[in-house]
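First the structure, in the form of structure tokens, and then the observations on it.
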Ligand SMILES: *[C@@H]1O[C@H](CO)[C@@H](O)[C@H](O)[C@H]1NC(C)=O
Ligand SMILES: *[C@@H]1O[C@H](CO)[C@@H](O)[C@H](O)[C@H]1NC(C)=O
Ligand SMILES: *[C@@H]1O[C@H](CO)[C@@H](O)[C@H](O)[C@H]1NC(C)=O
């Protein structure tokens with residue numbers, strides 16, 4: 001059931017935004033149509049305000065206090081300043097770390113985001129392949145909303161009405177709609193006033209989704225409602241971030257049990273990768289789109305190239321039909337399963353690849369970044385099946401999608417500075 005929901009979600013985002021890259025991976029026992037999906041999540045964790053610690057208190061000579069009643073109370077002072085200028089305005093540049101939960105062996109990742117005052121906490125899928133932030137409204141009565149945390153705007157002192165309506169539709173016809181509103185959104189301690197979509201309707205596909213909604217990290221040109229600025233836009237404009245970046249570590253279940261994943265807002269954690277980051281300029285703002293110069297098999301070029309996107313909200317790597325065939329021609333036992341009335345075409349590979357040391361590589365900005373065949377054997381078709389869904393699928397003949405199968409092997413820095421770019425380096429586990 002999650003499969004369906006996921007597929008829907010994935011599909012949703014991209015379709016809405018025109019391209020229709022496939023986002024969802026085949027799941028579980030049944031053959032899944034590879035629909036695009038758009039769920040990536042990260043959790044926003046409440047953090048103490050990043051400001052002043054207690055006054056220093058060394059043991060030695062203390063200056064005489066001229067006013068014995070004076071008790072500096074830094075926290076109260078800051079709270080007062082914040083309420084005076086409005087939350088989210090008075091910022092020191094800072095960083096925010098959002099731990100993520102790895103759902104079902106790398107299917108997707110979500111984290112906490114706090115909204116409103118006092119905070120209402122949502123599990124959102126951080127998604128570089130879409131730009132809207134949305135979650136259910138307390139007025140949503142549809143099946144799709146029932147199991148999820150719903151936002152009650154009446155209980156937030158900082159909520160502001162917007163009045164515009166909002167809707168989003170995904171590739172499998174799943175869809176959500178509602179109204180826009182604005183409130184303080186806090187991600188790992190970074191908080192800004194943010195326009196969000198409050199769903200008053202969600203189609204039932206969302207009912208089984210483990211997260212409450214989505215947190216888009218794409219550019220504002222792919223917002224469902226034009227003119228809405230993204231969280232990154234607002235955080236950068238408010239000088240809330242030390243650097244205008246989001247750095248992503250999505251851990252692999254195979255490599256470390258899937259633990260320790262995070263979205264790091266405003267900084268780069270160099271302990272997470274080996275060597276130097278290679279930066280690739282974004283070729284078009286919308287998705288995080290870059291030129292993909294080649295694919296390799298154990299270091300040998302297979303002569304395939306395209307524009308593509310790096311998309312945390314898609315589980316697999318999805319490339320062109322011919323490119324997928326060229327990749328699988330190097331893998332003994334790979335089988336193409338043509339489209340049927342009930343499912344899209346897909347590739348399978350032998351599950352024994354889980355112990356392989358061979359690699360498929362993606363050449364970006366002059367460097368080649370590996371995806372081990374051990375991850376290309378994504379998941380068995382059925383319990384006990386000797387065939388696994390391939391982590392690299394075809395059918396995406398325009399924009400290729402480097403989804404989580406790529407990202408769980410390579411640290412990715414989404415840099416929304418004046419000239420946006422993506423920094424990539426192999427993960428250190
Ligand atoms: C999310 O927040 C809830 C409390 O609201 C907490 O129990 C949970 O551990 C948090 N999860 C993560 C991944 O931070
Ligand atoms: C939304 O999804 C429901 C359920 O799949 C479907 O019946 C309805 O037509 C969809 N609405 C739109 C606007 O696509
Ligand atoms: C396709 O799905 C329908 C509805 O679930 C089912 O009745 C039919 O047998 C399926 N056809 C094939 C070829 O699997």
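Just so you know, glycine gets a Cβ as well, placed from its N, Cα and C.
Among the features that TrEMBL reports, signal peptide is placed at 1-19.
The annotation region 'Disordered' is assigned in TrEMBL to 49-69.
Taken from TrEMBL, the feature domain 'Peptidase A1' covers 109-425.
Residues annotated as active site in TrEMBL: 127 (among others).
Marked as disulfide bond by TrEMBL: 140-145 (among others). Under a cutoff of 8 A between CB atoms, and with a sequence separation of 6+ in the same chain, the neighbours of residue 140 (disulfide bond) are 150, 178, 199, 200, 201, 202.
Reduced to three states, the DSSP call for residue 311 (active site) is coil. What TrEMBL records for 311 (among others) is active site.
Under the three-state DSSP scheme, residue 351 (disulfide bond) falls in the helix class. Annotation source TrEMBL lists disulfide bond at 351-388 (among others).
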As a whole number of Å, the Cα atom of residue 145 (disulfide bond) is distant from the Cα atom of residue 388 (disulfide bond) by 33
Residue 127 (active site) sits from residue 311 (active site) (Cα to Cα, rounded, in Å) at a distance of 7
